[in-house]
Amino acid sequence: MLIKNFFIAFLMFFSILVHAENKFIVKDIQFKGLKNFSQNEALKNIPFRIGSTISQYDVKNSIKSLFKTGKFEDIKVSFLGKTIVFNIRERPIISNVIVSGNHIIASSVLDPYLKKLNIETGKSFNNFFTNVLTKTIKDFYLDIGRCKPDIKILKIFSKNNSVSIKILINEGTEIKINSIKILGVQAFSKEKILSLFKLQDYHSWWNLLSKSTYSPKELNNDLEHLKNFYLSNGYYYFNVNTKKVDFLQDKKQVDITIGVSEGKKYKISNFFVNGNLFPYQKLITNLININPNEFYNRDKIDIIVNKITRFLSEYGYVNTKVIVDPQIDHKKKTIALNFNIDMKKRYFVKRIYFTGNEITQDRVLRRKIKQMEGKYFNTKLVELGKKLLEKTKYFSDVKIIQKLNSYDSNQIDITYQVKEQTTGSINFGLGYGVDSGTSFNLAFSQDNIFGSGNSLKVDIIKNDYQKYLDISTSYPYFFYNNADLNARFFYNDFKYNFDNISNIIKNTYGFEGNLGFLINNYNKVNFGFGYTHNSINNEEKKIHGKFTGELNINKLYYFVGVDDTRFKKIAIPGDQIFIKVTILKSNKNILIFKNIAVVNNDIICKSKIVFAKKYLF
């Protein structure tokens, strides 16, 4: 036992010595073979520096890190004492890229793809990506039915370790469809079946929307469309048995022959909903709108499955699996459908994040989100938040990213990824008129000022006849989420010159305010208050005896209004017509108006009732 313990201790001591000997302190780092890249740039891509204590493991990692840059073709490491020497062979630098022969693929489409593959001027050349490019372009031409396309990439290397790339594209020739035959069709006419195809033979001049050019991809799409047609009309066992494409002698035309078996039509005898679905069993059953003895319809069943998964996703079950298991009675030609539903875990939202909002404050976005943190995940509310963010017009794009916290967790983090866009404008004008003199105008508008979600508009006009200022601002969330405030301040001086009256100045200034409270998603109550001062002044104090001095009129008013933001659509004859009806019962007491718009055979109605009171003094 003593000998055994001594032997184990010896091995441990020996392994420590070996480990210590494998590590050393770096005295110097050298790079040989660098031409297009500096040594400092190379040093940034290795995990150690001069004076670091490293092992062989660190050296291997440094080689991997240098290769990841994509700038080096070969790397070998040697040691001179405690100096590490990297012997490097650089990849050539692409001096220019020339593409010719591409007529079907536009350069505006091809250039971004070349950039994605790093095939552009100034990048390191990698032969692997040119092979990927060749295969991708060739496959594209074959998919659209081009015969014998050819892609050649010429590489011209120079002495300064650069390469010029020329991409020569031969798009091949177009293949026409000589004939399409479908064998085995009995339930429908040949014309009906062929009308389902986008591909048509070139003799079918009557079908203007068809394509007479052969495309393998388009043919597969047509066959899938044909299968869906049969499966949606009760033919449960329909199948495409054969697909044959024969090239004619000139290789410019093909004959297409399709063999199908229709089978018999099947009806649905009954359906059953299976699974631990409490308390949603009845609600889910109501979503399945299948009547006994109606023909089997795969499209309808797919829609029902989507409705079920969508419904449960609004209650936190985001990974629901619905499997439709048919029980077939071949004798009666009936099918009983079993909707086997596994709701799985119920998820709730842990955190909601926002990214991309460099200007807009988080709180501006968060108040638009209806899904709450700590509540069960609701697809409807999450998507509604996206729509409301888009409705602000602050963002050109809004994306939703869902991330599970962990595999075993039932928590989801939601990220709204936004892309901000310009929400304001400034217009400036300067001119000169014989009567008005030098004229200056400024218009400023900003809908999301300082990222606060508030808006500000300023209009200024100044010339010899007029001094005009109008400032309006809007606070969509003034007190809390259901209250908004709109305010306006205005000032206007306008000078009139008539034949027998001169230097008459009309002066107007005042303010307006409106406070709105949202009652529900559709109705809002508005309370408004305003003041306007109007005066007419004669600078010369004399207007041929008609008027001397000053006339003042002040108006103070308030109003209460009810808005209905719902739009009612009723289809009627008519197109692109707009009708507006305004009814004034009293100019000083009650104002009632109603707008009706007719657009594309629909009536869009927005109604508003306002009770107003005015005081003049």
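Just so it is clear, glycine is given a Cβ too, placed from its N, Cα and C backbone atoms.
As given in Swiss-Prot:
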- 1-20: signal peptide (SIGNAL)
- 24-91: domain 'POTRA 1' (DOMAIN)
- 92-172: domain 'POTRA 2' (DOMAIN)
- 175-263: domain 'POTRA 3' (DOMAIN)
- 266-344: domain 'POTRA 4' (DOMAIN)
- 347-421: domain 'POTRA 5' (DOMAIN)
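Each residue of the domain 'POTRA 2' (92-172) gets a DSSP state, and the totals for helix, strand and coil are 27 helix, 28 strand, 26 coil. Each residue in the domain 'POTRA 4' (266-344) gets a DSSP state, and the totals come to 23 helix, 28 strand, 28 coil.
Residue counts for the domain 'POTRA 1' (24-91) under DSSP (helix as H, G, I; strand as E, B; rest coil) come to 18 helix, 26 strand, 24 coil.
Mean pLDDT, taken over the domain 'POTRA 1' (24-91), works out to 88 on the 0 to 100 scale. Secondary structure of the domain 'POTRA 5' (347-421) per DSSP, as helix, strand and coil residue counts: 18 helix, 29 strand, 28 coil.
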